[in-house]
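Undergrad: Starting off with a structure, shown below.
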Amino acid sequence: MLPPMALPSVSWMLLSCLILLCQVQGEETQKELPSPRISCPKGSKAYGSPCYALFLSPKSWMDADLACQKRPSGKLVSVLSGAEGSFVSSLVRSISNSYSYIWIGLHDPTQGSEPDGDGWEWSSTDVMNYFAWEKNPSTILNPGHCGSLSRSTGFLKWKDYNCDAKLPYVCKFKD
């Protein structure tokens, strides 16, 4: 058995070891977690890791894409899932409901020369494995070759549109 004078020093040593153990374990846990986005560019909103912003100054599709690229890690928005599409739709509806169409990063650089509308791609080069067409562009007589969201679908569905038209646009900022 320890003498009574040794108990406070043993207790102090034990407490010090426990504090150190907690700190070390906490550091390991923090390293395993992915770091969340700390902040979004001014005027944008986060959804998961990327941030999104609606710009109301109308531009052609090409000028809108360039405007997004001038911002850090920016591209016209690519909509990769129904959940992301719902977020973008709510962002657009919360800021403006006075426009019929909004540019997204979808375009057909082949100008319709691919069979069955297979030339469509995201300007961000994200893989296209989610589709939300209002109407399949390959079935349209005079299709545009740039993608937009249409108000008639609550900004949930994509519509091909004339690339030279001047529309508001949504940028997506990846970290």
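Yeah, the Cβs are placed from backbone N, Cα and C, and that goes for glycine too.
So Swiss-Prot has the following annotated:
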| type | residues | note |
| --- | --- | --- |
| SIGNAL | 1-26 | signal peptide |
| DISULFID | CYS40-CYS51 | disulfide bond |
| DOMAIN | 47-172 | domain 'C-type lectin' |
| DISULFID | CYS68-CYS171 | disulfide bond |
| REGION | 103-118 | region 'Sufficient to activate EXTL3' |
| BINDING | HIS107, GLU121, HIS145 | Zn(2+) binding site |
| DISULFID | CYS146-CYS163 | disulfide bond |
Undergrad: What disulfide-bonded residues in the list CYS40, CYS51, CYS68, CYS146, CYS163, CYS171 lie within 10 angstroms of HIS107 (Zn(2+) binding site), counting C-alpha atoms?
TA: CYS146, CYS163
Undergrad: HIS145 (Zn(2+) binding site): which of the disulfide-bonded residues CYS40, CYS51, CYS68, CYS163, CYS171 is the nearest Cα neighbour?
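TA: Going through CYS40, CYS51, CYS68, CYS163, CYS171 one by one, the Cα closest to that of HIS145 (Zn(2+) binding site) is CYS163.
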Undergrad: Just to confirm: which same-chain residues, 6+ apart in sequence, have a Cβ under 8 Å from the Cβ of CYS171 (disulfide bond)?
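TA: Long-range Cβ contacts: SER44, TYR52, ALA53, PHE55, ALA67, CYS68, ARG71, GLY74, LYS75, LEU76, VAL77.
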Undergrad: What whole-number Å value do you get for the CA-CA distance of CYS163 (disulfide bond) and CYS40 (disulfide bond)?
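TA: A Cα-Cα distance of 28 Å.
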Undergrad: Count the other Cβ atoms sitting within 10 Å of the Cβ of HIS107 (Zn(2+) binding site), across every protein chain shown.
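TA: Summing over all protein chains shown, HIS107 (Zn(2+) binding site) has 23 other Cβ atoms within 10 Å.
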Undergrad: Going by C-alpha positions, which of the disulfide-bonded residues (CYS40, CYS51, CYS146) is nearest GLU121 (Zn(2+) binding site)?
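TA: In terms of Cα distance, GLU121 (Zn(2+) binding site) lies closest to CYS146.
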Undergrad: Near the Cβ of CYS51 (disulfide bond), how many other Cβ atoms are there if near means within 10 Å?
TA: 22
Undergrad: Using DSSP and three states only, what is CYS51 (disulfide bond)?
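TA: Strand, per DSSP.
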Undergrad: Report the same-chain neighbours of CYS146 (disulfide bond): residues 6+ apart in sequence with Cβ closer than 8 Å to its Cβ, ordered by sequence.
TA: TRP61, TRP103, LEU106, HIS107, ASP108, ASP160, TYR161, ASN162, CYS163
Undergrad: Out of these disulfide-bonded residues, CYS40, CYS68, CYS163, which one has the fewest other C-beta atoms within 10 Å of its own C-beta?
TA: CYS40
Undergrad: Quick one: give me the count of other CB atoms within 10 A of the CB of GLU121 (Zn(2+) binding site).
TA: 18
Undergrad: Per DSSP, CYS68 (disulfide bond) is which: helix, strand or coil?
TA: helix
